[in-house]
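Input: a single structure, listed below in structure tokens.
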Amino acid sequence: MAVVLTVLVLFLAGFLASFILLVIGAINFDFSNSEIPPGVTQPAKLRIIHIILICTAVVGKILENFGICTQASFVRYVQGRKTLGADPKLFIKDLCFEKVPVRIYQPKAPSASQRRGVMFFHGGGWVFGSLETHEELCCFIARESESVVVSVGYRLAPEHKYPAAYEDCLNASQHFLQHLQHYGVDPARVTVCGDSAGGNLAAAVSQTLAGRSDLPRLRAQILIYPGLQALDYNLPSYQQNRGVPLLSRERAVYYSLQYVQGDTSNLEEVLEGSHIPPDMRLEYQKWVSPDIIPEEFKVRGYKPHKPCEFKPGVFERVKRLREPTLCPLLAEDTIIQQLPESFILTCEYDVLRDDGLLYKKRLEDNGVRVTWYHLEDGFHGIINLFDYCGLSFPSGKRGLDRIV
């Protein structure tokens, strides 16, 4: 018995030592491969949040190696633990719209007129995020704007590849637009809204609904640091902010590939641009090009990038990246011209900054009214950190107030 206990203790000690070494190694790797620019206020807070995320990912990887669960499922479990419960000012109810889970937030206070309606699509790179991770944000929007907010729990990659998330968001939105009277919502004041990957989904849904005459026309789209293209990962913002938490250049490609093909086997080729045929790159250059980015956004060390040699095999695997329902920046002008008034929020220290800038110009060039709000000290994910366990950022709250 004593021998068994000794062996068990030694095993546990070895496991603990290995775990600690892995975590320390991951943190050291993070420090050497990430950068927090001087323009970010309260950098220590951002570093702490980033380390928490890295440690969660490391534990998930260890559990995956032991065959206990996948890394993604563990990270989702940890992220989904924070729930608010009841809100004294809101009715909160879980339902399904066309088999898609949704959570509805309705103000309790009586209203003299029909309310605004907001379809909200959470961020998380199409891989993470849930109704729980964005509950506090949705509650805030519902309370402060006195709107009925519908948060959509769409299917996640890599288990459910593109176009699963888009189809869920579209189906849920169509259902809501067909049943607005059940929720006291004004058909003339319905908005789609989303952050990051959710901003991508909001833009795609808005484009699809733009030509529908059988449904109420959307009043607006609110795109919070959206990812809108997968052609060029060497635009100025991708170069300048390549290692800035909470979304690195490599992770942006990682999430896109998980969504479109269910794995990341072509990550390096996509990073370097060898996944796009020269003729296609030329065709879309009028919409996706560093030449369109205003010069003031190139002063932080941008260097023009020449794409690597085109690889047809890679293109065949990822060719759906050119579809507008995955890359809304590539939609035709006839679609863009029908879009509703738009609000776009961008952050200076975000790899997705230029996606937002390029879409802003496309919308304006096609006569769509755009309100643009840029957080000079902002980074990717800052809006959802507006009240995060003592690690909140005033800039995120400013951005959220403008959204409301």
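Just so you know, glycine gets a Cβ as well, placed from its N, Cα and C.
Caution: TrEMBL annotation is automatic and unverified by curators.
Features reported for this protein in TrEMBL:
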type	residues	note
DOMAIN	118-264	domain 'Alpha/beta hydrolase fold-3'
ACT_SITE	Ser196	active site
DOMAIN	319-383	domain 'Alpha/beta hydrolase fold-3'
ACT_SITE	Asp350	active site
ACT_SITE	His380	active site
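Cβ-based neighbour count (10 Å, all protein chains) for Asp350 (active site) stands at 28.
Summarised by DSSP class, the composition of the domain 'Alpha/beta hydrolase fold-3' (118-264) is 62 helix, 26 strand, 59 coil.
Helix, strand and coil residue tallies for the domain 'Alpha/beta hydrolase fold-3' (319-383), in that order: 25 helix, 19 strand, 21 coil [DSSP]. Taking the Cα atom of each, Asp350 (active site) and His380 (active site) are about 5 angstrom apart. Less than 8 angstroms from the CB of Ser196 (active site) sit Gly123, Gly124, Gly125, Ile224, Tyr225, Pro226, Gly227, Leu247, Leu352, His380, Gly381, each of them six or more residues away in the same chain.
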